[in-house]
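Student: Below you'll find the structure I mean.
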Amino acid sequence: MICKDDHSTLRARFRGFYPVVVDVETAGLDANINALLEIAVATFKMDEYGWLCVDGSLNFHIKSFPGAIIQPESLAFNGIDLNSPLRAAVTEQEALHEIFEMVRQGIKTQGCSRAIIVAHNAFFDHSFLMAAVERVSFMEKNPFHPFVMFDTATLSGLVFGQTVLAKACACAGVFFDKNKAHSALYDTERTAMLFCELVNKWKRLGGWPLTPCCIES
């Protein structure tokens with residue numbers, strides 16, 4: 001059977017999935033006991049010629065959940081000052097509500113069925129997001145696929161031979177300021193631009209659309 005979807009749509013390109021970049025900054029490496037401190041997301045759209053581009057973004061500073069463990073070395077690594085009056089932190093519930101509303105609207109607008117996480121070393125970001133979802137009992141509201149994800153570290157290793165975000169961005173022609181790294185919003189924006197280049201490069205090389213398209217036996 002030949003697919004009838006227009007290949008220039010987001011829906012057709014990712015089999016009905018709606019890709020969303022997610023980046024988190026945390027107070028440790030264990031999603032179940034360490035605090036989620038920042039989260040940012042970025043969404044995508046296709047232009048009329050089927051080139052992927054960044055659509056919008058959203059970010060929040062997060063209040064530590066009750067009983068969360070804060071690792072000082074993690075704060076030193078990401079440079080987060082929990083006592084800064086500029087943080088304007090919100091609860092996990094408030095942040096996820098706003099993010100999920102944005103993502104669900106994008107799914108509807110693009111005619112997709114479900115969101116899929118795009119992240120650099122995606123397992124880490126995915127695990128912290130899903131742990132927060134469970135803490136605030138948003139399982140029914142969660143628009144993201146429970147385990148499928150696009151990992152830009154893996155994709156960059158395949159395409160560019162680089163897995164470090166800054167080096168992969170350099171290969172992709174995406175400017176990366178190392179002084180701004182480990183900000184959830186900045187890393188999300190860079191990862192989104194990197195993902196666009198990975199997808200668009202495959203298109204430029206003739207890898208998409210498939211020929212013949214989506215033939216099913």
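Cβ atoms here come from the backbone N, Cα and C positions, even for glycine.
Just so it is clear, the model here is predicted, and its values are computed rather than measured.
What Swiss-Prot lists as domain 'Exonuclease' is 20-195. The Mg(2+) 1 binding site annotation in Swiss-Prot covers Asp23. Look at Swiss-Prot and you will find Asp23, Glu25, His182, Asp187 tagged as Mg(2+) 2 binding site. Annotation source Swiss-Prot lists site 'Important for substrate binding and specificity' at Phe77, Phe124, Phe147.
Please go over these features one by one and say how buried each is and what sits next to it.
Tutor: Asp23 (Mg(2+) 1 binding site) counts 29 other C-beta atoms within 10 Å of its own C-beta, drawing on all protein chains shown.
Neighbour list (His182 (Mg(2+) 2 binding site), Cβ cut-off 8 Å, at least 6 residues apart, same chain): Glu25, Phe77, Asn78, Gly79.
In the three-state DSSP assignment, the secondary structure recorded for Phe77 (site 'Important for substrate binding and specificity') is helix.
Proximity of Phe124 (site 'Important for substrate binding and specificity') to non-local residues of its own chain (separation of 6 or more, Cβ distance below 8 Å) is seen for Val24, Leu29, given in sequence order.
Within its own chain, Phe147 (site 'Important for substrate binding and specificity') has His126 as residues 6 or more apart in sequence whose C-beta sits under 8 angstroms from its own. DSSP classifies Phe147 (site 'Important for substrate binding and specificity') as strand under the three-state reduction.
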Student: Relative to the Cβ of Asp187 (Mg(2+) 2 binding site), which residues of the same chain, six or more apart in sequence, are found under 8 Å away?
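Tutor: The answer is Asp23, Ala40, His120, Leu165, Ala181.
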Student: Just to verify: the residue among Glu25, Phe77 with the fewest other Cβ atoms within 10 Å, which of the recorded positions is it?
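Tutor: With the recorded positions Glu25, Phe77, fewest surrounding Cβ atoms within 10 Å: Phe77.
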Student: Note the Cβ centroid of Asp23, Glu25, His182, Asp187, the recorded Mg(2+) 2 site, then list each other residue of that chain whose Cβ lies within 8 Å of it, in sequence.
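Tutor: The answer, listed by sequence position, is Val24, Glu38, Ala40, Asn78, Ala181, Ser183, Ala184, Leu185, Tyr186, Thr188.
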